[in-house]
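TrEMBL annotations:
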SIGNAL    1-17  signal peptide
TRANSMEM  68-94  transmembrane segment
TRANSMEM  114-136  transmembrane segment
TRANSMEM  143-164  transmembrane segment
TRANSMEM  176-193  transmembrane segment
TRANSMEM  200-221  transmembrane segment
TRANSMEM  227-244  transmembrane segment
TRANSMEM  256-275  transmembrane segment
Amino acid sequence: MFSLGSWLPALPGLAWGWALLDALLQGLVGACAVLVLCSLLKVYLYIQCLNDPERQAEKEAIRVQRWVLELLHVAVLTALLALVGSRVAALVVLEFSLRAVSTVLSLGKGAHSSQLYLLCQYSLGCGVSCGLSFLLEGAPHRTCNLALAAGLAGLLATYAQRLARHVCTLYELHSRARYCGICIFLLAAGHGIPRLLRNALAVTFAVADLAAVALINRDFLSTAEAVRFWTPLTICYTLLVVYMQEESRQSAGGRAVYQTVLVRMGGLFILLLTIGRWSDVFHVLVSLLGELWCLLRAGVMLEACWRQ
């Protein structure tokens, strides 16, 4: 099968250039998905804080976030997702899916759900990237398909960002005057945003998990080789989930969240040192930067979730 690069004459480094472009486009789609998630959560948390007189300081903290930083956030996240290999991205997706199922079954509370949505930012980007890599593998004109996906994702992210900006600027006035259709709709149905996100993330991670398993298994030549990889990986992930559940019961707040990221990536780092490749080790370090970058960017909203 051929991609857009097949229409051009063969030149040294041309294939590498198109592969880099594909990786950047996949990363851009993942970054736009994260931006949509954060924008909708910002709308929901702002409305919740506005309706609570004791949370006005949190409302102001959410409102005064600089919108220019969103472009920097998307650019950095795009670069990080483009650098991460499909193998490590798949492992990140599978680890978060297991952790999310365990958290939902053990807690089942809406306040914790909002925090879980913020903690899944980097995993969501990896999941979208894995899904695109799997679905478009061997597709004709792969680059054109990714460019179209990036355009649609960018358009959706732009509208979500405009919605968050409108709500943080004018919702308080419009909800009282009741003459803005968007604000009237949010006044009546804004409480349903977490349910919308839950359903969308469930579908996204279901596809991403299937893609992740397929992407990992394609590197194995035999069943015995696959078993030698999956057995220690399953044991490592199970121990990590048990440890993080115990930590979440004993401590809460920003320090616990960052400590969890370090433990998760540290465990994956040690595991891949023994059964992975050297490129996987580098990609784990990139993933650590991605996780920390997403948490730092969402610090204000995480604080609002903890107080809620």
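Placed from the backbone N, Cα and C atoms, the Cβ positions cover glycine too.
Taking pairs at least six residues apart, the transmembrane segment (68-94) and the transmembrane segment (200-221) share three or more Cβ pairs below 8 Å and count as touching. Ranked by the number of CB pairs under 8 Å to the transmembrane segment (227-244), the listed stretches 114-136, 143-164, 176-193, 200-221, 256-275 are led by 256-275. Counting Cβ pairs under 8 Å that are 6 or more residues apart, the transmembrane segment (200-221) and the transmembrane segment (143-164) reach fewer than 3 and are not in contact.
Through the fold, the transmembrane segment (143-164) approaches residues 3-5, 18, 21-22, 25-26, 28-29, 32-33, 35-36, 39-40, 42-43, 46, 67, 70, 74, 132, 136, 182 of its own chain, all at least 6 residues removed from its boundaries and within a Cβ separation under 8 Å.
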